[in-house]
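Structure record follows, encoded as structure tokens.
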Amino acid sequence: MTGFWVLCFVLFPSSLSYPESWMPLVNLTHHILRDTNSSLFSNCWVCLSTQTQRSLAVPAPLSIWTDTPMKLHLTYSVRPFSGSFSISDIERRLRLFRPLTASYSFHNPDRRAIAFLQLVSSTGIFRIITRITSVIYPHKDRFFESAQRPLWGPLFTETVLRSQAPLCISRFFKVSAYATFVGNLSASLCNYTMHISPSTSHENLDLSTTHTFKQAMKRPDAKWKNPLRFSGPPSLIFSKPAYYPCPTDIKHCHTSPATPWMHCPQAPFGTCYNLTLFEPDNSTHPVTMSVNPTHFKVKLQGHRDPYPLSHYQPLTGAALSGQYSVWENEITVQENWDITSNIFSHLLSFSYAFCLNSSGVFFLCGTSTYICLPANWSGVCTLVFQYPDIELLPNNQTVPVPLFASVLSSDSVLRPKRSPHLFPFLAGLGISSALGTGIAGLATSTLYFQQLSKVLSETLEEIAASITTLQNQIDSLAGVVLQNRRALDLITAEKGGTCLFLQEECCFYVNQSGIVRDAARKLQERASELGQHSDSWGQWPDLGRWLPWLTPFLGPLLFLFFLLTFGSCLLNCLTRFVSQRLGSFVQDTAKRHVDSILQNFQYKKLPQDSPDEDTIPT
């Protein structure tokens with residue numbers, strides 16, 4: 001009988017209008033299974049979030065701010081052309097292409113963009129540009145390349161920060177229309193906030209005074225004879241400006257005539273200041289961080305200084321993200337012959353966007369997490385580690401699924417709203433997952449995982465077949481090469497063979513087809529195992545998107561089926577049970593009534609023999 005009620009609790013959803021209505025039934029089912037010592041009872045709850053945009057985050061330690069690299073995504077746009085052009089190979093364009101000569105024309109947008117990059121960095125107008133175009137990796141003689149296919153937009157939009165972050169960065173524009181708002185963290189979640197101020201000033205340059213453009217300016221058809229104007233660099237705003245001299249980076253700076261854009265600092269010392277911060281898990285021992293406001297570089301005192309030019313730090317990428325423009329001064333003559341020399345026309349714009357290049361680290365801005373910050377981002381952000389909303393609970397604790405949650409409405413008033421955010425799985429509760437009724441998510445999840453396993457198995461088989469085909473092509477090509485080699489040896493036999501004739505080292509092909517075929521065979525075996533494992537699962541009908549809508553109705557239908565099938569038996573048993581109980585009750589009542597009458601009233605015993613009629617008393 002207990003099993004029947006357990007089945008009813010699992011199958012029958014009490015209300016189809018509210019998706020959280022089955023949560024109390026799950027708790028009740030769990031308690032019944034525990035009290036009856038059922039084999040379906042589990043000692044653990046596994047609670048997952050049903051909202052794909054929801055996650056939890058913990059603040060990253062201060063060492064992440066110094067050691068986490070970032071990648072640059074650089075695009076530019078020019079006046080004569082519409083759209084943006086991506087510079088995807090800065091190394092090749094800057095090392096091999098040198099437009100700063102008199103023989104080059106600058107109608108090509110790529111040439112103009114690279115020329116401006118060289119011009120800005122070589123003249124020192126924008127000192128930070130050196131770090132953007134000449135970063136060298138350690139132990140590698142190559143330059144930094146811009147990030148390919150960055151992931152724009154937020155990854156999660158409902159991220160909750162569990163504790164206070166040691167460091168935050170803030171940036172706001174005076175004109176909000178020019179900015180892309182990413183989110184705003186409250187002041188209580190930030191131990192210290194660095195304020196980045198976008199540049200509102202510009203710097204002018206007369207090309208005739210630059211050494212690199214002197215030869216180009218002598219040509220009659222030379223371009224850019226008019227003065228240029230550049231966007232200025234951003235700056236840091238400090239609440240406690242306590243500066244001290246700090247050494248500049250000249251050890252890893254390389255300057256050569258072939259790379260004039262790699263401008264090295266002239267002064268051996270710059271200006272820095274210290275911050276006293278606290279780690280997220282240690283609020284008793286402060287940590288001192290040194291900040292270089294010129295290059296937007298941070299360093300923890302007592303820690304080894306990271307390679308200065310190996311990567312951009314998060315503060316560097318956040319500060320330099322933006323759009324920087326170049327204008328040309330056009331001197332015009334008005335009708336009254338007055339000369340107007342203060343009109344600048346837009347020539348070219350650079351857009352710098354940076355992406356985190358370390359797995360597991362994200363920018364948290366408000367409640368949204370990002371890998372790449374937009375060029376003109378605006379808001380308050382910090383670095384975090386994030387993880388999904390998963391909880392493990394013991395068997396003696398009720399699933400914490402609130403039927404009501406307080407959410408912020410449009411009129412900024414907290415009001416209760418039905419919002420279940422946890423999805424409990426009963427580990428070992430085979431009835432719910434096997435039948436897939438009442439709880440549509442379990443059946444849908446099983447179907448999706450089955451389809452995913454099938455697709456993965458087919459993909460592995462295709463990869464194995466492709467590898468085998470490529471190996472067969474290589475084997476046939478090797479056979480052709482060996483035939484040609486033998487023919488060449490016969491032709492050049494009089495001169496000692498092909499190698500002696502070419503005066504080169506003899507090279508031979510080492511056939512490793514056995515290793516490749518073994519790898520392909522292992523892939524096929526894994527695909528076969530996945531296929532068998534997928535076939536062993538319950539074969540659900542391929543209803544696609546209709547399955548989540550159909551499964552909630554299966555519970556009531558099955559309940560009605562069981563009721564119609566066993567209803568007559570149950571009614572017969574119930575009638576017989578009531579009749580028996582009624583008969584026993586009537587008999588007991590009548591017996592008690594008779595006994596009571598006999599005890600309360602006295603009756604005389606009738607004589608056994610009747611008196612003699614002819615006997616007359618005297």
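Glycine too: its Cβ is placed from the backbone N, Cα and C atoms.
Copied over from Swiss-Prot, here are the features:
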- C44-C47: disulfide bond (DISULFID)
- C499-C506: disulfide bond (DISULFID)
- 44-47: motif 'CXXC' (MOTIF)
- 499-507: motif 'CX6CC' (MOTIF)
- 1-17: signal peptide (SIGNAL)
- 18-545: topological domain 'Extracellular' (TOPO_DOM)
- 567-618: topological domain 'Cytoplasmic' (TOPO_DOM)
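The average pLDDT for the motif 'CX6CC' (499-507) in the predicted structure is 68. Secondary structure at C499 (disulfide bond), as computed by DSSP, is helix. Just so you know, the Cβ of C499 (disulfide bond) picks up 15 other Cβ atoms within 10 Å once every protein chain is counted.
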